[in-house]
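Okay, so here's the structure we're looking at.
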Amino acid sequence: MTRYIFVTGGVVSSLGKGIASASLAAILEARGLKVTMLKLDPYINVDPGTMSPFQHGEVFVTHDGAETDLDLGHYERFIRTTMTQNNNFTTGRVYEHVLRKERRGDYLGATIQVIPHITDEIKRRIIKGAGDADVALVEIGGTVGDIESQPFLEAIRQLRVEVGSKRAMLMHLTLVPYIATAGETKTKPTQHSVKELRSIGLQPDVLICRSDHPVDVSSRRKIALFTNVEERAVISLEDVDTIYKIPAVLHAQGLDDFVVERFGLQCNGADLSEWEKVVDAKLNPEHEVTIAMVGKYMELLDAYKSLIEAMSHAGITNRTKVNLRYIDSEDIENQGTALLEGVDAILVPGGFGLRGVEGKITAVQYARENKVPYLGICLGMQVAVIEFARNVLGWKDANSTEFDRASGHPVVGLITEWEDATGAVEVRTEASDLGGTMRLGAQECLLEAGSKVHDCYGKDVIVERHRHRYEVNNNLLPQIIEAGLKISGRSSDAALVEVVEAPDHPWFVACQFHPEFTSTPRDGHPLFSGFVKAALAQHQKKA
């Protein structure tokens, strides 16, 4: 039977519940347990798919095509379990389902209330998402005390009672601030946060004390006394120089032993050797490169969370320190390509909307003409095709219909029909809703032998995740190919362009899919690894 660890946060937001939860999950997995994770988001949106990157950060796409919270990216990077649409749900999705049932008459005329109807649906989804895992860690978004979180907290209170204390525990993250003038950490915010939890019937079993300084034994003893938590279960988690140290930090304080004993699980000791290798490669690089990342959401780098981590993983794989130079594409429009000078490679990620697109196209032109290694992702592939059409074919009005519907050479256009991962045909028009209407999830891609992308993957067929509604226009493709642009990857039915490569260039690859969603610190990703190798070769050539 599945054991549940419910994870909440208090005092302030952004304490790192997702990373702390994923780190504990990684230790339990290293002990031979089957682990999964869920994220419960209190906002009213059905999913984050249409939310601004500046508000929400990255939208992480699962293998089965769900648009989810970026924490699911942390989960997949720390454990081997593949997340699905069942691993993330929101208040909006819960209410949508309950209201649909009410409209069908499933409740037989009952008055629909938060308790029991909404809380029952939350519990049902938690149990379904946990599946047959030995341990399921369930993270509740937001901060204890928020109005939005109350139905979720009530649901886990009920579920703890229903499954019993041997199968459910509560882990609470809290802030223990260090006051420099006093030279000590303060426990009062933690005491008040736990008091808030207890007022709604939830007693934490574990406290993770986040701080920029070690939380000393005296402070931990005081916290244990006033919160009714065992002293051994009050864990100090200070800031670290790489998040991949955290499993070892939690293991050293016996957190996994406490969990295993509490649940009565029989399992092996934790083998963290893989994480030790990751940390060693991260902190002891043998080489160094600088890569320009040209995007449009640079004010909130969480919008590119998986991509930034994927570049870090590629550095780990190549024993190379990867310095990312974050460049707003609008700055290139205003200041020119001087911002790109001296870099070893250029990366253009995905995005939506007209703003900053011309700056991205300029960055592509700089990379192509100056033989600088280039990797384009999603929109980064589309602007590569636009740049090639404008500056090689001479189609000066070439564009995407996303940005200019009147373009005389719409080399990129809306996908109106395609097959999804199940083989079902999806149809879209300009009038379709924005939410949940993109080409989403894992799709097969056929690679051309002898291409650079084939050299990276070392296989003929790959599976990568997608999130886009525009594609290269097949009607103009023959002229583009004739001018020299190489199509090195196509969809499984050969109908859609998935990867392009520039001719006469040391390393210029652009893909329609999002390889960052499947990169992990232990395994890296072949495309990013190949990109960093190309950047390293460029750096050594300049030296």
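Using the three backbone atoms N, Cα and C, a Cβ is placed for every residue, glycine included.
Database features (Swiss-Prot):
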type	residues	note
ACT_SITE	C378	active site, nucleophile
ACT_SITE	H514	active site
ACT_SITE	E516	active site
BINDING	S13, K186, T187, K188, P189, T190, Q191, K222	UTP binding site
BINDING	S13, D146, I147, E148, K186, T187, K188, P189, T190, Q191, K222	CTP binding site
BINDING	S14, L15, G16, K17, G18, I19, D71	ATP binding site
BINDING	D71, E139	Mg(2+) binding site
BINDING	G351, L379, G380, M381, Q382, E402, R469	L-glutamine binding site
DOMAIN	290-541	domain 'Glutamine amidotransferase type-1'
REGION	1-265	region 'Amidoligase domain'
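Everything Swiss-Prot records as a feature, shown here on the structure.
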residue: S14; record: ATP binding site; Cβ contacts under 8 Å, 6 or more apart: none
residue: I19; record: ATP binding site; Cβ contacts under 8 Å, 6 or more apart: H74, F78, I243, I246
residue: D71; record: ATP binding site; Cβ contacts under 8 Å, 6 or more apart: K17, G18, A22, K39, F60, E139
residue: T187; record: UTP binding site; Cβ contacts under 8 Å, 6 or more apart: V176, S219, K222, I223, F226
residue: Q191; record: UTP binding site; Cβ contacts under 8 Å, 6 or more apart: I223, F226, T227
residue: C378; record: active site, nucleophile; Cβ contacts under 8 Å, 6 or more apart: P349, G350, G351, R467, H468, C511, Q512, F513, H514
residue: M381; record: L-glutamine binding site; Cβ contacts under 8 Å, 6 or more apart: V472, V499, V500, A510, C511, Q512
residue: Q382; record: L-glutamine binding site; Cβ contacts under 8 Å, 6 or more apart: S400, V412, Y470, V472, Q512
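Between the C-alpha atoms of K186 (UTP binding site) and I147 (CTP binding site), the distance comes to 26 Å. Here the Cα atom of K188 (UTP binding site) is found 49 Å from that of G380 (L-glutamine binding site). For the CTP site listed in the record, the two most distant Cα atoms among S13, D146, I147, E148, K186, T187, K188, P189, T190, Q191, K222 lie 31 Å apart. In the shown protein chains, 28 other C-beta atoms lie within 10 A of the C-beta of E516 (active site).
Using a 10 angstroms CA-CA radius around P189 (UTP binding site), none of the binding-site residues in G380, E402, R469 qualify. Long-range Cβ neighbours of G380 (L-glutamine binding site) (same chain, at least 6 residues apart, Cβ-Cβ under 8 Å): L347, V348, P349, G350, K360, V364, A510. Comparing Cβ neighbour counts within 10 Å across the binding-site residues G16, G18, G351, the minimum falls on G16. A separation of roughly 32 Å, to the nearest angstrom, links the Cα atoms of R469 (L-glutamine binding site) and G16 (ATP binding site). When secondary structure is read from DSSP and collapsed to three states, K17 (ATP binding site) falls in the helix class.
When other Cβ atoms within 10 Å of the Cβ of S13 (UTP binding site) are tallied across all protein chains shown, the result is 12. Excluding the listed site residues S14, L15, G16, K17, G18, I19, D71, the same chain places G9, A20, S21, H74, E139, L173 with Cβ atoms within 8 Å of the centre of the ATP site Cβ atoms.
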